[in-house]
Amino acid sequence: MEQKAFKRPFVHLFYIFFLSHLVFCQLDYRFYDSTCPSLTGIVRYGVWSAIANDTRMAASLVRLHFHDCFVNGCDASILLDDIDSTFVGEKTARANQNSVRGYEVIDKIKANVEKACPSTVSCTDILTLAAREAANIAGASYWMVPLGRRDGRTANKTAANELPSPFESLDNIIAKFNAKGLDTKDVVVLSGMLSFNAIIINLLIILCFKNKTTTCAHTIGFAQCFTFKQRLFNFGGSRKPDPDLEASLLKGLQTVCPDQVDSDTTLVPLDSVTTNRFDNSYYRNLVNSSGLLQSDHVLSTDNRTASMVLSYSRYPYMFLKDFGASMVKMANIGVLTGQDGEIRKNCKVVN
């Protein structure tokens, strides 16, 4: 009896501390309302200016957010620079180097936020808001973003090298999503934006070749030829093209991406008749066998994902709604709140 009497108050104190810690650390939609009321406007203008100068930046900012959250959680570690031999960041990881873009956009927005609200807003929250604004400007539905994330003090290049890849099986990709608290539905929803490590996010996926042109004045995503060339010439070691690839698409791609090494880094534009718009074209293309990457194509043939691809191809509003929900889930992976982490003054370095 004495043992039980001793345990009860300890257990009660533990639960009180634990629950109060959770409440204190919760993200809040109005987190900066009093401390930085101009935050959303500053971020929106910064993103709009960047996209006006470079249409591809809409896709790049969302991809930057994805690559941050999938490595040790959403903590802006991807923004940290290497510092000689004393600090190794994630920018030079295989999945990021010469691929991920938009660092300078976040740095510029952060500088403007610091002028308005010094030492108040984390780089992580700025990146999260920037991804939302970028997608919204491109045509995605607007979703609410709870705020209050803090910045990490470390980076993990090893984990960044293990980001989901377009060369992996769907099983591996799903497993990596599951490890982050995301499910198969999130894989399908976010694949429309995140063609993993392919130098691209597919906001839209009807190629310019489908419109009988090899150039596009306005594009919102690009892929390097090496990420899909095996489908054009040697699918599965057969020395033949992927039979599932739509004929006119195949012909156009083989012209721009000939079977030679010097074409590996050639950028192939992804575009649509709804130029510069975020919609369900990605899924309509998958249904029509016009998905560019093999990791995308399999979504329309695998029993776990095919029905979702078909639904999104038919019902664009369903996709837009689910996309916002999946982005919110992703933005909550491993966040630091309360007294954890820090509020960086410069996104490139820890304080």
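The first residue you see is number 1, and the count goes up from there.
Glycine too: its Cβ is placed from the backbone N, Cα and C atoms.
Taken from TrEMBL as is:
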ACT_SITE  H67  active site, proton acceptor
BINDING   D68, V71, G73, D75, S77, E90  Ca(2+) 1 binding site
BINDING   P164  substrate binding site
BINDING   H218  heme b binding site
BINDING   T219, D271, T274, D279  Ca(2+) 2 binding site
DISULFID  C36-C117  disulfide bond
DISULFID  C69-C74  disulfide bond
DISULFID  C123-C347  disulfide bond
DISULFID  C225-C257  disulfide bond
DOMAIN    26-351  domain 'Plant heme peroxidase family profile'
SIGNAL    1-25  signal peptide
SITE      R63  site 'Transition state stabilizer'
TRANSMEM  187-209  transmembrane segment
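Proximity to C69 (disulfide bond), judged by a C-alpha distance within 10 Å, picks out S77 from the binding-site residues S77, E90, P164, D279.
Taking the domain 'Plant heme peroxidase family profile' (26-351) as a whole, pLDDT averages 85 in the prediction. You'll find the Cα of C347 (disulfide bond) roughly 9 Å from the Cα of S77 (Ca(2+) 1 binding site). In sequence order, H67, C69, F70, N72, C74, A76, I78, G152, A155, N156, A160 are the same-chain residues whose CB sits within 8 A of the CB centroid of D68, V71, G73, D75, S77, E90, the residues recorded for Ca(2+) 1 being left out.
Sequence-distant neighbours of D68 (Ca(2+) 1 binding site): residues of the same chain at least 6 apart with a C-beta under 8 Å from its C-beta are C74, D75, A76, S77, I78, L79, T124, L127.
Each residue contributes its Cα atom, and for G73 (Ca(2+) 1 binding site) and R63 (site 'Transition state stabilizer') these two points are 14 Å apart. On the backbone, the CA of C225 (disulfide bond) and the CA of C117 (disulfide bond) stand 44 Å apart.
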